[in-house]
Structure formats: C-alpha cells, structure tokens
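In what follows, a single structure is set out as structure tokens and then discussed.
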C-alpha cells in the first residue's frame, strides 16, 4: 500500500521491537527501560488481583458449569501439548487493548459496545473491527502515547503459567484480534518471541495519520484465529495445540487442523455462551499450573 507504513514492514518504525526492544525510537528509551524493569507498570498486580478475585467469586457462585472439572482426556492433552496459544485481551491482560486505546482517544463507549458484540459473536469480527477503527482513527503518536501512559496490565498468574509451560518445552503463542503494536510490550514482558505473535496490524500514513488496518491478517476476520492456529500447526509440525481465551473468536480456533482443545479463561470476563462450549473452564491460571507435571 503506497504511502502507508506499519510496524511489520519497517525496521525503523517507532513501534517495531528489535532484539533490544523499544516501543518508541529516539524519544522512547525511557519506555524501553521501563519495560526491562521489573517495576514496569505492565505488572501492577496488587490492585488487579483484588478486582479479579472478587469477580471470580461471583462467577463461581452463580454458575454451575459442567466443564469446571476436566476429563482425563482433557488433562492428558493439556499435559502433553506441543504448543499453547493464548488470547491476549481479557486473558493474558486484564484489559481489552482496543477499548483502552479508544478511551484514550475519546471514543471509549461506542467502541466498547462493538467489542462486546465481537466477543459474544453477535456480529462478524471483521465488521466490528472495521467499525471500531473508524471510530478511533488512532494516529501513530496516539498509539505511542497510550502505550506509555496506559501500559497493559498483565493478568495474575499468567507469567507463572507461561514459565511452567516453557520449562516443559511447550511453545507459547499469542493469537489475538488486537494489534501487534499493543501486544509487543506484553510479549516482551513475558519472554515470548515476537515471531510467536499472531495479531492485527495498524497502518499509518507517511505523516503518522491513521490508515486503517491490514485486512490480509487472518485475525482481522471471523474464523481468523482458527486459520492462525492451523498455520502454526502446519508451519511448526505440531500435533497438539491448545487455545486459551475468553471470547467467541477463541472458541472458533477449535477446528480440525487447528486447536484440539479450547480452554475458557473466565477470570476477567465471563461469557456464558462461550464457557458452556469449552472443553475446560477455569477462573484462575493456577488451576492450569496445578495440572502440569
């Protein structure tokens, strides 16, 4: 696309993440240092834990899900998976990244309504994504500022779970309908290689103005996560891949040739229709850690 740029195609782009990791270029060194610092706001969890714990108790008390206790087959698959793909928004992170960006840009309420529709599957994901980007129209500078002033909040327990999976030689991927520019700091913080991100790409004009998003990314449309997971299995030669997430698009990843299991993480958002169809529903990542060898 002439006159457009993206973090993926420009090694000098301010939102690209080379080996040394930097979200901002010349003026971004402070943020890069914060990302490398264990006190980086991405891991502000004390307050978040209390909020999530409270919501978990309500959800547990109000719902009697048959899949709260996994079957022997599900446990066996979980313990021997070649790879686990995690959704990012409301799973790896406490927030919906696009909603945070929308609020930062002054379009919060309208965009949140579209996000809810997308996550429950009441509208095609591509329709919801296009509508939200049209409402936000985020410039490059706004994305950078949002990341600096509102860094992503990591969900309690996910860092320990990813560490345990990696210790067991299970590969970890982030498969998201969100944007790479906002996911890269999360991947960096959790030690996930940038090449293990499957997500959408914001595009910008030569002056940094919004130019929409890359529609060729599989995750930009309904069923896209299934395609992304299928590609991961094919490219890496994996036999067993599991999807973990909270939304309808994550459930869709459980397809022939894609994810063999879908684990619903309901610790942030409880979507009953999605949880009811999961192979296993958990409210705390410690539940998954406890079942690993």
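Yeah, the Cβs are placed from backbone N, Cα and C, and that goes for glycine too.
Note that TrEMBL annotation is computational and uncurated.
A simple way to gauge crowding: the CB of residue 87 (active site, nucleophile) has 24 other CB atoms within 10 angstroms, across all the protein chains here. The active site, nucleophile feature in TrEMBL is assigned to 87.
Within its own chain, residue 89 (active site, proton donor) has 95, 96, 97, 98, 176, 177, 178 as residues 6 or more apart in sequence whose C-beta sits under 8 angstroms from its own. The active site, proton donor annotation in TrEMBL covers 89.
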